[in-house]
Every structure is written in structure tokens, then in C-alpha cells.
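In what follows, a structure is listed as C-alpha cells, so that the remarks can point back to it.
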Amino acid sequence: MGKNIIAGSISSSIHKSYEIGSQIGNGKFAQVHSGTNKSTGKKSAIKIMKKSIVEESAIIKEIEMMTEINHQNIIKLQEVYETDNEVLLVLELVTGGELFDKIVEREFYTEQDASTLIGTVTKVIQYLHSKDIVHCDLKPENLLYSDNSDQAIIKLCDFGLSQRCGSGSPLRSLVGTLTYMAPEISSCTGYGKPVDLWSIGVISYILLCGFPPFDETTGYVLEFPSPEWDNISDSAKSLIKGLLNNDPSKRFTIDQTLKHPWIAGTTCGKNSIVGTLKTLREFNTLRRTNGGNTTMGHNKQSRSTVFELFPSLTPIKSNDENNNNNNNNNNNNNNNEILDKKSNENENENENDKIKINLELNLNNNVNNNNNNNNNTVILENNNNNLEKISTTKTTTTTSTINDSINKTKIQLMNSLDFENDSSSSETYSSSSPIENGGGGGDKFTSPELSSLSIDLGCASDQLNSDKEKIIEQLKNEKSLLQKELLEIKRQSPVPSPSSSFLNNHLQQQHNNNINNNNNNINNGGSTSINNGNGTIERQFRPIHMSKDSDSGSYENLLLGTSPFVKNHNNNNINNNNNNFCHSRNSSFGYGNSYNSSNGGSGCSSSSDESTGGSFKKDKSKYGVDRICLDLQSEFEKLSLPKETMDKLASVLSNYKQKNQEKSLKVKYEKQKDKYKKLKSQLKKDKSLLK
């Protein structure tokens with residue numbers, strides 16, 4: 001990056017003009033120190049950004065906007081210093097804290113107080129819109145008080161996600177904080193200035209009742225529940241209804257909002273709303289507990305959060321504590337990148353494998369899997385991932401039962417060994433490397449889990465290959481030993497065993513029946529089972545085909561499933577009754593959320609099998625991790641996302657694929673190993689009883 005990327009920046013050392021004080025804020029991409037002008041003694045906040053970390057275009061855009069803006073209710077950029085390695089912003093220092101933090105300290109709070117606040121914020125947005133600037137991330141965290149006095153004024157900050165929007169084409173970047181995000185942003189239909197009015201509506205709602213208007217139970221259905229809204233004026237409800245209209249063309253404009261009687265103060269209530277203060281304190285505490293960082297953006301790496309800028313906000317150590325909490329949670333569950341886990345998440349571990357995708361474009365790794373409206377994640381759930389179930393018959397002490405059990409166990413063992421060979425080369429797993437398969441997809445797994453894209457899933461490929469080879473070799477040795485023991489039992493058994501030809505014919509018949517059943521059932525997207533009269537080996541095929549033509553594989557479902565509102569906004573594309581995908585609100589961006597893929601739902605497509613010479617071969621190209629990654633990559637390419645975002649997504653997809661394949665393969669081999677041990681134990685038991 002060149003030396004002078006900011007026009008008009010000061011090249012001389014900042015130490016000549018400012019006394020740099022202690023660090024008052026810290027983030028991944030910037031540090032904030034207190035500063036004192038040596039000439040005037042005026043205190044400022046000095047934000048230091050490394051050129052090697054923060055993207056050049058983002059710095060230039062934010063500085064250009066802040067330089068153009070001059071409003072008493074917007075934090076002012078005073079000076080810009082630049083060195084070979086750093087850009088230093090001298091900002092107006094505010095010490096009064098966030099909007100909600102200030103309000104919850106009050107003992108007396110009325111509708112009129114809320115009306116005054118909303119009126120001020122609306123005028124600030126009117127000023128920005130007059131300059132064709134859309135803030136895109138209007139929320140309480142970005143509304144700060146200038147100081148701690150009673151005369152303190154509100155200041156709007158953080159223009160890292162702001163965009164210019166004239167009368168031309170609409171904006172399409174996926175930016176903002178989900179709790180305050182307008183539906184047209186999450187639906188990717190294009191948006192403009194009305195998104196800021198929607199955010200004002202959400203803030204107004206919270207200011208009057210203490211909690212957000214939408215969650216996973218309501219979607220975008222606006223409600224005024226009792227008793228919280230019983231003492232709130234109809235005029236306030238009228239304003240909120242106008243601001244929270246799902247149709248941006250029918251939503252209140254800036255002028256309509258400012259002219260509304262409630263904003264003018266003529267119809268708002270004067271009585272204290274103590275209940276709202278109590279609820280708001282709870283909401284504010286919960287918001288803080290979840291880290292406060294719920295923003296998603298097209299280029300969040302190039303910006304810092306409000307918590308990094310001013311001393312009145314979260315202490316510096318909280319960033320490290322949050323990171324430690326995230327790391328601890330990640331270690332507790334390989335499939336979660338979560339701040340908190342469900343209390344019953346470890347139950348039915350062998351029946352359900354839930355994988356969470358945080359497709360936050362800023363790739364933030366703070367995700368929450370609670371159902372308490374505190375987070376936004378995407379869950380792709382595949383039930384019954386255990387592909388093979390083997391049930392063995394119990395042996396009895398009678399001689400006849402022992403003999404029957406031995407014969408059954410022999411047949412079952414041989415069948416299981418055959419199936420192990422079949423599965424290693426068909427739809428269940430492929431133990432060969434991508435190179436051996438001609439690059440045709442590498443390792444494939446039935447019902448592959450889509451793990452989170454929000455954390456680093458990096459895993460060295462050479463270590464993965466080494467582990468695979470060791471496990472494969474170990475299984476081969478165990479198989480060989482089991483076969484030898486089986487032959488030994490045949491020779492030592494005093495009971496006449498089935499003739500070789502009879503056994504071969506019996507197994508061949510079972511194998512042919514298996515093929516026919518598989519062909520019939522798989523074509524119907526169902527499960528296949530083989531009943532040999534002694535035990536049942538059941539296989540369930542649950543293909544995941546993220547087709548670009550499938551509703552469940554659409555960009556809105558894969559990328560925006562975290563939105564708790566998409567289910568109502570796009571109900572033409574998503575069938576909630578069939579549980580193809582269920583969206584709720586969560587906090588990686590704000591509140592609650594889950595994506596549920598029902599078994600055999602319309603979101604999955606099943607391919608037909610090819611039958612040749614009495615055997616079938618699965619079309620593995622439509623299954624497995626590689627296919628899912630390719631489908632996701634295809635969907636991402638349609639969005640015209642920034643290059644740096646696409647590069648990051650590609651990297652994470654690649655790392656995810658390696659990690660997921662390694663984990664799934666190990667699980668498969670462990671199951672096979674346990675199965676062989678059980679059969680071996682059964683054979684030994686039968687042998688001892690026989691003696």
C-alpha cells in the first residue's frame with residue numbers, strides 16, 4: 001500500500017501536535033488512544049489503523065464521507081495523519097456512553113423522552129439522506145451521548161457500512177445488524193434510503209417497551225403485546241406501524257415521520273413508563289452479555305466497532321474475554337462456533353448431527369445456538385445420519401439355539417464384511433484420494449454435514465491423508481483376523497455347518513435381493529433394508545443436493561437463513577409447513593434462528609442409480625462435501641460480492657471440506673471398528689458356549 005492513500009492527510013508525525021495517552025479501546029483492526037492537543041489542550045480520540053490490516057478502499061470511503069459530514073449530532077473527524085504503515089484518525093471524543101446505557105440509568109422515563117430522542121435521530125438521518133448517504137447500520141450502539149451531563153446530546157457514529165445511494169440503481173450489499181435490518185436487505189431485492197427509517201422504527205419500538213419487535217415466533221408480523229403496550233399511546237403505535245411497513249414504497253418517509261404528531265410531541269404520553277425501564281435493563285444486559293458485536297457487513301474487516309472507539313463503552317479486556325469464551329465453546333463442540341450451547345445439545349448425539357453455518361459476510365465467529373431470541377445462525381439439520389444399523393440375535397443356553405446363533409452370526413459377519421467393501425467404493429464413502437478418482441470429487445460422504453463457515457476449520461491435508469492410511473490399514477488387519485477366526489470356527493464346530501455351495505448361493509441370493517431393493521427404494525428417495533432372517537442391516541439414503549434450481553439451495557436460504565424474518569417475507573419460496581427450512585432470530589447478527597432441513601424434504605433431490613450387470617453404482621457427483629461446496633460457490637458467484645469476500649469464502653469452504661471429511665471418515669471407521677468388535681465378541685461367546 002502506498003505512502004499517501006488519503007488526500008489531504010498530514011504526513012508529519014502526530015507526536016508533534018498531540019500527546020498520545022493511554023489506550024482506551026482495542027479491536028482486531030484498530031486501536032484507540034486518548035490524545036491531547038499540545039497547543040489547545042483539547043482532548044480527542046485517536047484511532048490508529050494498520051495499512052497492512054485494513055483495506056485501502058474502505059479507509060478512503062469512510063474518511064471521504066466523514067469529511068463531507070458536518071452536523072452537531074454526528075461525531076466529527078478532526079484530522080487525518082498518515083505514515084508509511086498507519087492511518088491515524090483524530091476524532092471527536094465522546095464519553096457519555098450508548099443510548100440504552102444512558103436511558104437505563106434513569107429513574108423517570110416517559111413517552112415524551114422517547115419522542116425527543118427519535119425526533120433527533122430522524123433529523124440526523126434526514127441530513128445524511130440529503131447528501132445521498134445511507135447509514136445502513138443505525139442502532140443504539142452507534143448512538144452515543146457526548147458526555148455524562150444532563151445537557152449531553154446524541155451523537156451518531158460508525159460510518160464503516162454507510163453507502164452512497166442516489167436516484168440510480170438500488171443498493172444490494174448485505175450489510176447491517178439483523179435486529180435493525182430492513183426486510184429488503186435480507187431478501188436481496190435491492191434497497192435504498194428507507195432502510196434507515198425501518199431501523200428508526202425498531203429503535204422506537206424498543207424504547208417504548210424494552211424489547212425488539214420481531215423474533216422467530218412473529219417473523220415480520222408486527223404486534224403490540226399486553227401488558228407492555230397497554231399504557232403506550234395509540235399515536236406511538238401509529239408511527240411505528242408506518243415505519244415498520246414491510247413494503248419500502250409504503251413505509252413512512254423522513255418528512256412523514258418528522259410531521260407525525262407523536263414526534264412533534266403533541267400526542268405522546270407524559271406518564272412514567274417504569275415497566276419499560278425494567279424490561280429495557282434486561283434487554284440491555286442481555287445484549288451486552290452476547291458481546292454487543294452483532295453487525296454483519298460486506299467489508300467488516302476494514303472497520304472497527306463502536307466498542308473500539310470510546311472509553312465510555314466496553315472495557316478493553318472484554319474483547320479478550322469474549323475471544324476466550326468463543327475458543328472454549330469451540331473446543332466443547334466441533335460443530336459449533338457458539339457463545340452458548342443448548343442445554344440438551346448432547347442428548348441423542350447419535351441420532352442427530354446438527355451443523356451450524358454462520359454465513360455472516362464479515363465471517364465473524366461469534367454465533368449463538370440458544371432459542372431465547374439472542375442470536376442468528378443457520379442450521380442445516382439431517383436426522384438419522386447413522387447409515388448402518390446391525391442387530392444381532394440373542395443366544396440362548398440350549399444347544400439348538402447356540403447352533404442357530406453361530407450360523408446366523410457367520411452369515412451376518414460375512415454380509416457386513418461385504419457391505420464394508422461395497423460402501424467403500426459406492427455411495428457411503430470413498431477411501432481413495434481425489435487424485436485417484438481423477439479429481440472427480442475425492443472423498444464422498446452420504447448426508448455430509450455443512451459445518452460453520454464462521455471459524456477457521458483449517459486442517460493440514462498431509463496429516464489427514466496420514467490418518468486415513470493408518471485407519472484403513474488397521475481395519476484391513478482386523479478384517480483379515482476376523483476372517484481367519486470365522487474359518488477356524490467353521491472347522492471346529494461340532495455341528496454340521498452349511499455347505500460352501502449352499503452358503504454361497506444363499507449369500508448371492510441375498511445380494512441380488514439387496515440390489516433390487518436398493519434400486520426400488522433409492523429411486524424413491526427412501527431407505528433400503530436387507531433382512532436375511534437373522535438380523536437386519538438397514539441403510540438410509542438421505543442425499544443432499546444443493547441444486548441452484550432448488551428453493552432450499554437458493555441464495556436466500558443458504559446465505560440469509562439467519563434472518564428470522566425471511567420466512568414470512570419470502571413465503572412464496574419457502575414452505576414452512578413442510579419444515580424445509582425454518583428461520584428464526586439469533587445473534588451472530590442479533591436474534592434467534594434456525595434452518596431446518598426435514599428428512600426427505602423438497603430441499604433434497606435424489607438421483608437415480610445406474611444398474612449394470614447385476615450391480616449398481618451411485619452417482620456420487622450429487623453427494624458429499626465437494627458437491628455442496630461447489631453449489632455454495634456457484635451461488636456466491638451470482639452475487640457479485642467484493643473480491644476479498646469471495647476469496648475469504650473460498651478459503652473457508654476449502655478448509656471446511658478438509659475438516660469435515662477428516663471428521664466424518666474417522667467417525668465411519670470407528671463405527672465399523674465397533675461393529676466388528678461386537679461380531680467378534682459374539683462369535684467368541686458362541687464358541688465358548690459350544691465347548
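Cβ atoms here come from the backbone N, Cα and C positions, even for glycine.
Features of the protein shown, as given by Swiss-Prot:
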DOMAIN    18-263  domain 'Protein kinase'
BINDING   I24, G25, N26, G27, K28, F29, A30, Q31, V32, K47  ATP binding site
ACT_SITE  D137  active site, proton acceptor
REGION    314-350  region 'Disordered'
COMPBIAS  322-336  compositional bias 'Low complexity'
COMPBIAS  338-350  compositional bias 'Basic and acidic residues'
REGION    420-447  region 'Disordered'
COMPBIAS  423-433  compositional bias 'Low complexity'
REGION    510-536  region 'Disordered'
COMPBIAS  512-536  compositional bias 'Low complexity'
COMPBIAS  600-615  compositional bias 'Low complexity'
REGION    600-620  region 'Disordered'
COILED    642-691  coiled coil
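Annotated pair A30 (ATP binding site) and D137 (active site, proton acceptor), C-alpha to C-alpha distance, rounded: 19 Å.
Summarised as a single figure, the pLDDT of the coiled coil (642-691) averages 78. Here the CA atom of N26 (ATP binding site) lies 21 Å from the CA atom of D137 (active site, proton acceptor). A sphere of 10 angstroms centred on the C-beta of V32 (ATP binding site) encloses 24 other C-beta atoms. When other Cβ atoms within 10 Å of the Cβ of D137 (active site, proton acceptor) are tallied across all protein chains shown, the result is 25.
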